[in-house]
């Protein structure tokens, strides 16, 4: 059956691909944050495991192609590996259920090893599934067309790629929103089970849709894998060359010609063409090493930035959507506008030159990322090192106060309702301070603890000067959240303070509450109750990733007077500053990735396309392994320096690739195949003639 001239079966295949890509990219979008915030792995380990997983996803297609071509056929391979894939997604969703091991209901898993074991199992199954079906689905779609439907087949591939981008775009927007929701039975947590559960459901839908079209598919029987034949041919040539290494044997034009004893000329010539392209692939993994860090390092960079886009709050993992959005816009623009313009300027912009430009642009994108990182680092506070402590002073009194730190005798003046910056001291020494309000002074010994921050509150009262030493937090809140505490600066006890849904409890005069965590960028209702009155007010809109001390200065029926102090400033570098690096990297992808596949296909014989596809996917896998090696071996403490290192490595590789491309001579496989056909015809004719002549000779006898 057909529809608009297309086989009806391909609609099932396109829907299947959309759901599968939604499932994969949705799960991958939140993966690095799941590692960091749920499994509590540090940035480097999270990055390492993320890239190990991506590398696995690009190594398994070779396995999938071998199973499909040599054993099960494409249809059965897709179904069996999709089942494995769906199980993997379900295991991943189960692994993120916090309540499964949270027996004491404190909001953190009690046995993290269970979650880690399930996550790793789920990721291995997903890598097997997604990688295994990757080479089969598009080829299976191509099989549905007859030989005279070339036009429809090429249009199908365009629709197919559109389905891939649509799936990845929609899921990269939706799953971070699902992750940001709060869910849980005993304690409310970020909703990773939902963020992984929806992709799992879509993978199940993908499988059901694919099976539903079963009767309509044209199923081609497995015909053996060309990849295996190519590998055997290369292996035999090397072995044969090694056997005949003495000078007695005449040299052959190409080392692959040593396979001619066992393999026909056509396979040897085709293998030579493939190896010529694969040789050019050697520098390409470096591009993917940078490109795939969008989901790891760049997402982690976004967690330290301000995601407030006027009315919308953007999640760090949603910034990855910039790439598919720009891809959809830029592929047609580059094809229809940029390339024709370059052609008009009489510039010969060959495929390999385009790829060189793509590699260069990816390096530039990482330089841009490094510049953004430098700006972020400037806004990050410097916390005390081991053996050090930091202290700041808040004056809750009515007049200016002079504070002298002994024995250094450094003096600071603190205005009424003002504060000082943090000052760093050696924690081992007790620090006496003299607080002088003019009308009287007091000497206090401060017991500072190593690697900690403290706030000293001072106030002049009718009965004398009162001080209190508070412990502060020594790390920025994660995921753009805020931490808030209250200080009671009223003469009477506050019975209860609530902000939003959080109850800070009772506060005696001049005492401070503990810190509580709040979502960033929002205003909350504050209610204060004393014995004599209840007052309410709305808090200021606080930023993202800040720590605040709020002083309750007054509470009357007309409202509350709150004064805000920043213990740690919020994220001030806006996430929009990541857009230039995403834009440059997407430009790089358009001229590198799309061109790379076109070039490979134009330079290889028609029956060898799967070998090149495998080689291309292998460059992605190796690229992700490079991230593991470089990030592990570099030991750079500064993130911007790591970005610069990756950019420098790619620029170096880019020069090598440009030199290789300069010496490459383009070929026309169809012409070479035609020559081979011609030679085979001549050979056949000669054999027929010889046979005929022999027959003649026999009959004369």
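Every residue, even glycine, has its Cβ placed from backbone N, Cα and C.
Automatic, uncurated: that is what TrEMBL annotation is.
Feature transmembrane segment, per TrEMBL, maps to range 78-97 of the set 18-37, 78-97.
Listed ranges 48-66, 219-237; the one TrEMBL annotates as transmembrane segment is 48-66.
Per TrEMBL, the range carrying the annotation transmembrane segment out of 555-576, 643-664 is 643-664. Residues 283, 286-287, 290-291, 297-298, 301, 573, 577-578, 580-582, 584-585, 587-593, 595-596, 599, 639-641, 643-644, 646-648, 650-651, 653-654, 657-658, 661 of the same chain, all 6+ positions outside the transmembrane segment (354-374), place their C-beta atoms under 8 angstroms from a C-beta of that stretch. Contact between the transmembrane segment (611-631) and the transmembrane segment (48-66) is supported: at least 3 Cβ pairs lie under 8 Å, counting only residues 6 or more apart in sequence. The stretch in closest packing with the transmembrane segment (325-342), judged by the count of Cβ pairs under 8 Å and taken from 48-66, 194-213, 273-291, 579-599, 643-664, is 579-599. Counted over residue pairs 6 or more apart, the CB atoms of the transmembrane segment (643-664) and the transmembrane segment (273-291) come under 8 Å in at least three pairs, which marks the two as touching.
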